[in-house]
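These notes are about the structure you will find just below.
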Amino acid sequence: MIVTIDGVAASGKSSVASGVARALGIPYVSSGLLYRAATLLGLEAGLPLHQAAALLAHLQGNSLRLEPRAEGNRVWAGERELTLELHSSRVDAGVSAVAALPEVRAWVDAQLRALPEPFVAEGRDMGTTVFPHAEAKFYLTASPRVRAERRAKERPEDVPVIEAALTERDRLDTVQSAPAPDAQVIDTGPLTLEGVIEEVLASVRAPLA
Ligand SMILES: Nc1ncnc2c1ncn2[C@@H]1O[C@H](COP(=O)(O)OP(=O)(O)OP(=O)(O)O)[C@@H](O)[C@H]1O
Ligand SMILES: Nc1ccn([C@H]2C[C@H](O)[C@@H](COP(=O)(O)O)O2)c(=O)n1
């Protein structure tokens with residue numbers, strides 16, 4: 001079984017995917033972490049982030065891999081764990097450029113499709129491109145202000161600065177971030193995290209009841 005949870009930046013995808021995965025007793029897969037890790041490694045190596053061939057060679061040379069778990073994904077470059085370095089503002093600012101490269105997208109998609117089922121997959125194009133055959137699909141939204149207020153609790157920047165960065169990332173991610181026609185769209189703005197998780201679980205379990 002595959003459940004997909006797509007949505008805009010900071011809409012709650014990873015928190016909801018983790019909660020749903022834990023309730024179902026299966027791992028979740030955070031596709032954005034692979035794009036973030038590619039960006040971090042590219043920045044560290046001083047590579048131009050729009051040069052796909054050099055970037056891909058660098059990723060393969062560093063044995064980049066995702067470790068899916070229900071309680072939080074980990075990302076490794078060989079023996080080095082990158083996980084805690086992937087949510088910096090520097091990575092945020094560069095990741096859309098890396099995610100726009102078709103060669104990098106194909107590499108990430110191949111990594112994801114090689115993972116053993118079952119799992120909950122979260123990202124931008126899980127329900128549309130990567131796992132169009134998924135059993136249940138969701139797309140999370142919330143206004144930029146609501147998302148910025150949530151993010152401000154975990155970042156040093158002020159709400160207006162975060163809101164402007166989120167709005168810009170929404171714009172850059174538009175091409176790959178759209179709800180699948182068969183996805184259930186959930187506005188998380190008025191809901192608690194637990195409320196969103198319950199709504200997703202109710203839909204996933206409905207066909208089984
Ligand atoms: N419904 C909700 N109510 C309140 N807070 C929430 C809700 N959903 C998520 N949050 C909080 O919002 C923040 C962003 O959530 P999360 O990191 O899961 O989003 P994301 O979509 O995975 O982000 P990104 O696109 O940057 O990877 C977290 O602090 C999370 O706890
Ligand atoms: N399936 C995906 C997942 C992520 N991206 C891009 C878009 C984001 O700017 C970036 C980081 O993702 P996040 O951690 O915010 O979920 O990666 C994508 O294009 N496709």
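Backbone N, Cα and C atoms are what each Cβ position is placed from, and that goes for glycine too.
Predicted automatically and left uncurated, TrEMBL annotations should be read as such.
For reference, TrEMBL has these:
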type	residues	note
BINDING	G7, V8, A9, A10, S11, G12, K13, S14, S15	ATP binding site
DOMAIN	3-205	domain 'Cytidylate kinase'
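Residues belonging to the domain 'Cytidylate kinase' (3-205) score a mean pLDDT of 93 in the model. Highlighted in sequence order, V16, E122, L140, A142, R147, T188 have their Cβ within 8 Å of the centre of the Cβ atoms of G7, V8, A9, A10, S11, G12, K13, S14, S15, the residues recorded for ATP, and are not part of that set. Checking the binding-site residues G7, A9, S11, S15 for a CB within less than 6 Å of any atom of ligand 2 leaves A9, listed in sequence order.
The Cβ neighbour count for G7 (ATP binding site), using a 10 Å radius and every protein chain shown, is 25.
Within 10 Å of its Cβ, the residue among the binding-site residues S11, K13, S15 with the fewest other Cβ atoms is S15. Same-chain residues at least 6 positions away in sequence with a Cβ under 8 Å from that of A9 (ATP binding site) are, in sequence order, R147, L166, R169, D170, D173. In the three-state DSSP scheme, G7 (ATP binding site) falls into the strand class.
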